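To start, the structure itself, in structure tokens.
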Amino acid sequence: MENFFNQFFENIGEDKNREGLKETPKRVQELWKFLYKGYKEDPKVALKSAYFQGVCDEMIVAQNIEFYSTCEHHLLPFLGNISLGYIPKEKIVGISAIAKLIEIYSRRLQIQERLTTQIAETFDEIIEPRGVIVVCEAKHLCMSMQGVQKQNAIIKTSVLKGLFKKDPKTRAEFMQLLKS
């Protein structure tokens, strides 16, 4: 890692021995271990260990769960929030498990579209609800800091499964709950 940073500093015209940079390779290495720890965790295990048999058959919504991730194209952060709604069949999941699922997938190099899909598909596979919807809203620093340099753009993605995909009334109820 140190060789990588020495080359990087040289390529941008920086002095690797400058006081503020001497420990940077070590600091960044520790930071990257933290930022990308999602590769070492199994999202399915996180969900499997946190559900229980339930009697609820109405919609459950976890709204505005904050996340940050790293764009795989430019290695710059994107951050925002994710809302997940589901209608249980037999299993109800602990709310913190939803946040853990989001954290595991977001702590990897990502694109927002895949992040949204992975969360929805894993939740659908493990919890087997009658329907699940995931809505992700994010601000991408790769769009703000370079290229088109649009600082206020927000990208929204969604994935719908089961009743949320088949029934417009179910979708509308979820959207109404997000607004209230």
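Cβ atoms here come from the backbone N, Cα and C positions, even for glycine.
Listed features, source Swiss-Prot:
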- C71, H74, C142: Zn(2+) binding site (BINDING)
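Apart from C71, H74, C142, the residues listed for Zn(2+), the same chain places the Cβ atoms of T70, E72, H73, L75, L76, F78, H140, L141, M143, Q146 within 8 Å of the centroid of those Cβ atoms. With a 10 A radius on its CB, C142 (Zn(2+) binding site) counts 17 other CB atoms from all the protein chains. Reduced to three states, the DSSP call for H74 (Zn(2+) binding site) is coil. In three-state terms derived from DSSP, C142 (Zn(2+) binding site) belongs to a helical segment.
Close to C71 (Zn(2+) binding site) in the fold, though at least 6 residues off in sequence, lie P77, F78, L109, Q110, I111, H140, L141, C142, each with a CB less than 8 Å from its CB. Within the same chain, the residues at least 6 positions away from H74 (Zn(2+) binding site) whose Cβ sits under 8 Å from its Cβ are C142, Q146, listed in sequence order.
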